[in-house]
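Asks: I'd like to ask some things about the structure below.
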Amino acid sequence: MNTPLRVGIVGCGVLANAMAGHLARQPRPVEIVGCLVRDPGRARGALPCHGSWEALLAQRPEVVVECAGQAALAQYAQAILAAGVDLVPASVGALADDALRGALLEAAAAAGARIRIPSGAMVGIDGLAAARHVGVAEVLYRGTMPPVALQRYVSGPLPERGLAFAGSAREAVARFPKNANLTGTIALAGIGFDRTRVEMLIDPDATANVHELLARGEFGDFHARVSGLRISESSPSSRIVAGSLAQAALGSGFLALS
């Protein structure tokens, strides 16, 4: 296929640039038509930047990838979908807001667009979605990270080592908005934000983000584990997250939200 895939991006940070690098190395030509940022004059890197969603959509992207956080997703996603453009959100945790999720699904259905949920930092998301049709009774996500990966994004003290949080996926997204997007993906693929259990652990000796997914039900059970290296010291995201966003933008390896 020689026609370039036209991709827009919300955000222009470490994650966005890492994903753009993966897209640039694909066999199919990909054109990054622009990044939506608050101040184009301060944007770093070689990607073209725009200061409004109208300017970005004027570049006729076929798909837009959000890499700018939950607030940006809430602000721009509905307009993107209403324009008939598919959306790949990195900030899946924002979809714990039932009203927002409903509004985005309504906009997508009306315009014939899709919300492509990436697999993020975890393997086994497709298996969890398949198991849901058979019957899933319990889902647990357990994340183990170095203190800096969690402390910079929350207010209040955290333990030096051990269990920092235990609760539902909905509670985890509220507590760790920068770190709990994977829990959103797991909740949407499986049994929802309230029934999905989450444990966040701190390990000062950790050199990677360790993600574990455990599920049990009428299908049987499984345990998946990923030890993901971070993109950089300044980013909490694992390198594989950028790859999953690129894969979803290219049209495969994603969960279609419905």
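Backbone N, Cα and C atoms are what each Cβ position is placed from, and that goes for glycine too.
What you are looking at is a predicted structure, and each value in this text was computed from that prediction instead of being measured.
Below are the features I grabbed from Swiss-Prot:
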BINDING   A121, N181  NAD(+) binding site
ACT_SITE  H211  active site
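Give me the structural setting of these features: burial, nearby parts and distances.
Replies: Taking a C-beta cut-off of under 8 Å and a sequence gap of six or more, N181 (NAD(+) binding site) has these contacts in its own chain: A90, S91, V92, G93, G120, V173.
H211 (active site) falls within a strand segment according to DSSP.
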Asks: Between H211 (active site) and A121 (NAD(+) binding site), what C-alpha distance do you get in Å?
Replies: 7
